Amino acid sequence: MVASIRHRGPDAQAVRQFNGAVLGHARLSIIDLSEAGNQPFVSNDGQYALVFNGEIYNFKTLRRELENQGVGFRTQTDTEVVLALLAREGMAAIEKLNGMFAIAFWDNEAGTLDLVRDRIGKKPLYYTEQDGQLLFASELKSLLQCPNVSREIRPDAVYDFFAYQYVPDPKTIFKYIYKLEPGSHLHRTKTGKIKVRRFWAPQMGEPESVSMEEAKGQLLDLLEDATRQRMISDVPLGAFLSGGVDSSGVVAMMAKGGHTVTTCSIGFKEKDFNETEFAQAVANQYRTDHREHTVEDGVAERLLDICRFLDEPFADSSLVPTFLVSELARKDVTVALTGDGGDEIFAGYEKYATDWRENQLRNKFPSSVRAVMGNLAPALRRVPGKFLRRASSLMHSLSLDPAKAFYVTNTFIDDHIWQLLLNEDFRKDLADYHPSELTEHVYNQCDSENHLAKILYTDMRTFLPGDILVKADRMSMANSLELRSPLLDYRIIEFANRLPSELKFNKGDKKIVLREALEPLLPPEILNRKKMGFSTPLATWFREELKGIAEAHFFEKGQGLGQIFRKDHIRLIWDQHQRGLFDHAPLLWSMLMYEIWWQNYMASNEADKPQPETQAALAPC
C-alpha cells in the first residue's frame, strides 16, 4: 500500500505494526530533513502513534504553548507537535491547527483510531470497511492494493462525474470506498463503531458592517501573514504564476521581505489560451527568477502518463497544464505557493455573474410565466441556430428555482444529451437519481438568505474540494511537489464569508475587494484584464492532437463507455464535433477521461492496472 504512493513521498517509506493497527507512511521531507522526522511517529511512552500528510503552518506557535506546559520535543517537525497536542488535549485540539492535513491518530491503549481531514479539503483521505477492518489512505490506489477491496462501480457516482467532471465527496467511483469530507473527524472505537462529525464548515450568516477601506486593510494583513507562514520550509520554495490576480498577489506578498522568488508559468501556442505575457509582467516587476514552458505538441503522449495518477474519473482539462507546471517547478523547488481559492472565496468566476444576472431576471417574472418558459424551452432547442439554442437555455434556467438553476450553470452535460446517450441497462441502474440533488442539498444548507452567499457556499463545499484541490494535489504530488495556498487559509475564508456581498461582487464586477486591495502592488494590465483561467484548447485538440487517442478509446476499446452509453450515439457526438456542427469538447473530454480511467483500473488484465510510485500513505489494514 505504501509503495503505491511513493510519488507522494520519495524521501522515506516505513510501515509499523501495533496491537490492532498497522500504520504506513511515505515522506516528502519539508521541515527537519533528518531521519528523526520520519513517520509513523510514536510518543515517548508508546501509547500514541500518528501518520500525517500535509503541513501545519502555525506549528511553531503551538510548540511554544506546549513547551510552556512542560512538553519536550526531540525534533523540529510539525508532526511531533501534532502528536503531542492530540495526546495532551484530545481530538478537540484539531480546531487549533491552521494548515492542510490528513491525519491518522492511533491510541494503542484504548484501541481507537481517529482520522481527520483539513477544513477545506486540501489533502485527500479515503477509507473503507472490509471484513471488519478499517482501511484508509491518501489515494485510492493504495486501498486497491488490498485484494479484498471491492471495485464495484457506483452508478450515481458515474452520473455525478459526467455532470460535474469529478466525483463529489463523500462518494468515490467505487461503491464501498468513501472520502472523508473536508473539515471532518472520523472516530473508530475498539469495538469497530464509527462516528463521523464535522468540526468546521463555511459559515456565511449575516454580513458584518465594514467599509471597503477597512476590508482592504484587513485582507492585506491576513494575506501577508498567511503567505509568511507558508514560506516556512527547509527545502527550496517557489510559486506558480499565471498572470492572474490571485497568483500575482501571492507572488507580491512573497517578494515583500526582499526575497527573490522562483516563479513558474505554463503557456499554449494558441494565443487565446496563453497568459505568459501577463505572468512575465509580474515577474519583471518583482524581479523573480522566472521560468516558463509553452505547450506545443505531445499532449496525447503525455496524457496517458498523467492519467495514471488519477484513481477515479476526473475531467477538469486544466489538469494537463497543472501537471506540466508542477513538473517544471520541481526541477528547482520542492514547495510552491499558488493562488488557488481566490475565485471561489471572492466570487471571481464568470459563472457567478451569469447566475446573478439570471437570478435578477428570474425575480422579475411570476412563477406562472416562468412555467410557460420551461414548457417552451425544449421546442426551441430543436430549432437550428445558435441564438435560439441560447434562448432555450436561458428560458429553461429561468423556469427553475435558484438552486436547480445554479446546477445548470455548473453542469457539463445537458439532460437532453445525457438521455440520448444512455443505454437501457445503465438507465435502470440509475433509477431516478439526478446529480442536481447534490447542488440543491448543499445550496439549501447555507445559513444565509443571500443568493451570492449561497452559491459561493455551494462551490466551497463541492467544486473547490472536488475539482480544484483534487487537481492541485494529484498533479503536484505526481511530481513530488508540495503546493501551499495562502488564499485558502481558513482565516481568510472566514473573513471573506463575513463581508457584505457588494464588496466581492456587484453588477458583474468580480472579486472587488481583492482587486482593490492588491491594486498598489500589481501592474494595471493584471488587474483590468479579462479572466482567462487555466484553460486548454480542447476543441482544437480533439480535431488534431487528441483525435487518434480519442478514436482509439471510443471505438476500438470503449468497454467502459459501452457499459453506459449507446455506441451509435457516441459516434454521433464525435462526428458532430469533427464536422464543426457543435462544440462537444467538454463532453468528449469527460468520455475520454472515463475510458482511460476504466482501462487503467477496471480492465480484466491485472497487469494493466496502474502501480505508480506515490507520499503520505495512511494505510492500516
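Our numbering is plain: 1 for the first residue shown, then up by one each step along the chain.
Each residue, glycine too, has its Cβ placed from N, Cα and C.
Residues or ranges marked as domain 'Glutamine amidotransferase type-2' in TrEMBL: 1-191.
Marked as L-glutamine binding site by TrEMBL: Asp78. When secondary structure is read from DSSP and collapsed to three states, Asp78 (L-glutamine binding site) falls in the helix class. Under 8 Å, Cβ to Cβ, and six or more positions away along its own chain, Asp78 (L-glutamine binding site) finds Ile31, Glu55, Ile56, Phe59, Gly99.
Marked as ATP binding site by TrEMBL: Ile266. Cβ contacts within 10 Å of Ile266 (ATP binding site), excluding its own Cβ and spanning all protein chains shown: 27. A strand conformation is recorded for Ile266 (ATP binding site) in the three-state DSSP classification.
DSSP classifies Asp340 (site 'Important for beta-aspartyl-AMP intermediate formation') as coil under the three-state reduction. Around the Cβ of Asp340 (site 'Important for beta-aspartyl-AMP intermediate formation'), the same chain contributes Asp246, Ile468, Leu469, Ala472, Leu483, Ser485, Leu487, Leu488, each under 8 angstroms and 6 or more positions distant in sequence. For Asp340, the entry in TrEMBL reads site 'Important for beta-aspartyl-AMP intermediate formation'.
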